[in-house]
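Structure provided below as structure tokens; questions to follow.
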Amino acid sequence: MKTSEQLLGYFVKHESEYLSGETLANQLGVSRAAIWKAIQKLIESGHEIESQHRKGYRYKETGVLSVPVIRALVSSDWDIQYFEQLGSSNAYAKEALAIKKIMKPTVIIADQQNAAYGRFGRSFIAPQQTGIYLSFALPMSDDNHIVLQPGLITTATAVVVRNVIKETLGHLLSFKWVNDLIYEDKKVGGILTEGVVNIESQSLTSLVVGIGLNLIQPNNLTDDLDKKVGGIVSDLVFSRNIIIAKLVDAFSEMVDCYQTGAYLPEYRAHNIVLGHEVTVRFGGQQITGTAIEISDQGELILSSSEGKKITVSSGEITKVSVKGKHY
């Protein structure tokens, strides 16, 4: 890794702190002259670095997404692709995987998405500099056969997002089965898991997991959406680059073990539907019952008014009543 990239990573981890040239040189194991040259290179690349006599240097967060910053912070060996604007990161990922443009685990990040969609093709708003909108693309190799268990990977991804937001922003998200992220009674994000299938063999060749997360509430929402859609913070005072880097590392760790169900206990503990009456739409029908359990495969188990247990592996909760509130 170049000295400038190492320095950038160290600056971001110590954001708002003044760091002397001597401290930086010792931390990176290089000379003070090398530190000065690296700082000039970063400034020329558009990064804001303050210099103050007797205090040292301080990195200023600009709120702009930066691949060099993210790459400097990420520990896992993932490719990173960034777009200021995309139609949909999931759609792009699926197409790139299908034509083998993506050949290794890759995260596709878009500051803005103009044709973003969630489950059942439902569109959602993903404006510039308001949130985190990305997709993880996982191609299958001969020695890495993917077994798609959407209930497990979606629920595990939800837990990953919750843990990262708790660590970075100090806020606690809840879940609405199966893929909704809830904060202060409003939806702030969602997860979409999709597979790329070989038409001839009907086998799964790749996996795409998309995350859409409103850090701040989008503007110009309709009155109806304003009641349902929210944000986590009032302004972007925390680096999105750090959040994304932590998501990449946490997702990379999770994807190797999610099939064990290790993330289910936490998902169950923070799910708002258990113990409450819900209405679920699936398979062209709609049923109402009490959500009593989330199975070891991430399925929702309902108890009907007749006491019959119903297992739902896919579908959408169209209504859940919790403490007098309807979601």
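Just so it is clear, glycine is given a Cβ too, placed from its N, Cα and C backbone atoms.
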Which range, 21-40, 241-260, does TrEMBL list as DNA-binding region?
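When 21-40, 241-260 are checked in TrEMBL, DNA-binding region belongs to 21-40.
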Are the domain 'Biotin protein ligase C-terminal' (274-317) and the domain 'BPL/LPL catalytic' (83-214) close enough that 3 or more Cβ pairs fall under 8 Å, when only pairs 6 or more apart in sequence count?
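Per Cβ check, the domain 'BPL/LPL catalytic' (83-214) touches the domain 'Biotin protein ligase C-terminal' (274-317).
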Please report, as numbers and ranges, the same-chain residues at least 6 past the borders of the DNA-binding region (21-40) whose CB is under 8 Å from any CB of it.
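Apart from its flanks, the DNA-binding region (21-40) reaches 2-4, 6-7, 10, 49, 51, 56-57.
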For Ser88 (biotin binding site), list the number of other Cβ atoms lying within 10 Å of its Cβ atom.
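For Ser88 (biotin binding site), the count of other Cβ atoms within 10 Å is 23.
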For a quick check of packing: other C-beta atoms within 10 Å of the C-beta of Lys187 (biotin binding site), how many?
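There are 17 of them.
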Determine the Cβ neighbour count for Ser89 (biotin binding site): the number of other Cβ atoms within 10 Å of its Cβ.
27
